[in-house]
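Notes follow the structure.
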Amino acid sequence: MEQGKHLAGLILAITLLQGTMAQLKEGKHSVLLDDNREDGSVLLTCGLPDQNIRWFKDGKEICSLNNSRSTCNLGSSSKDPRGIYWCEGSKENSKRLQVYYRMCQNCIELNSATVSGFIFTEIISLFFLAVGVYFIAGQDGVRQSRASDKQTLLSNDQLYQPLKDREDDQYSHLQGNNSRKN
């Protein structure tokens with residue numbers, strides 16, 4: 001049992017040391033990002049002491065500037081300069097820096113998963129709406145009459161009294177002298 005614990009500890013130590021070795025190969029110097037400029041541009045500064053510096057974005061060389069400059073202007077932050085940047089000198093590389101600008105605070109990134117989610121939700125909601133309309137509209141509008149719904153009708157003699165003969169009053173004429181006859 002003791003050997004199993006030592007073996008597990010050895011495997012864990014080797015795994016952690018491999019990650020440390022990978023970081024050492026990447027570079028000691030960092031790339032600094034300056035996005036608090038008045039003109040809204042994004043500026044990268046390389047921390048390498050070398051004079052001949054080349055800049056890379058996602059594996060492709062960018063910023064073909066003078067060989068003595070250690071800065072790279074990415075342009076305006078509104079143009080979304082996202083990617084993985086690093087600088088390379090004649091002898092060593094810097095650490096990689098991932099730049100990601102999200103200009104819109106309440107935006108949704110439309111990738112295929114988001115669009116398919118919207119479509120799936122729309123189909124499900126339309127299905128529930130159709131089922132609800134089917135069950136509500138499918139009910140019969142005619143209901144069975146009950147004994148309590150029946151009313152006893154009275155004859156006209158008991159409920160109404162006959163009208164009096166009209167007299168020749170102001171409202172008994174439609175026009176001028178024409179009197180109304182019954």
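Glycine too: its Cβ is placed from the backbone N, Cα and C atoms.
According to Swiss-Prot, the cysteine that forms a disulfide bond with CYS46, out of CYS63, CYS72, CYS87, is CYS87. Looking up ASN66, ASN177 in Swiss-Prot for N-linked glycosylation site, the annotated residue turns out to be ASN66. Residue counts of the domain 'Ig-like' (23-98) by helix, strand and coil are 7 helix, 32 strand, 37 coil (DSSP-based). Summed and averaged per residue, pLDDT over the topological domain 'Extracellular' (23-116) gives 80.
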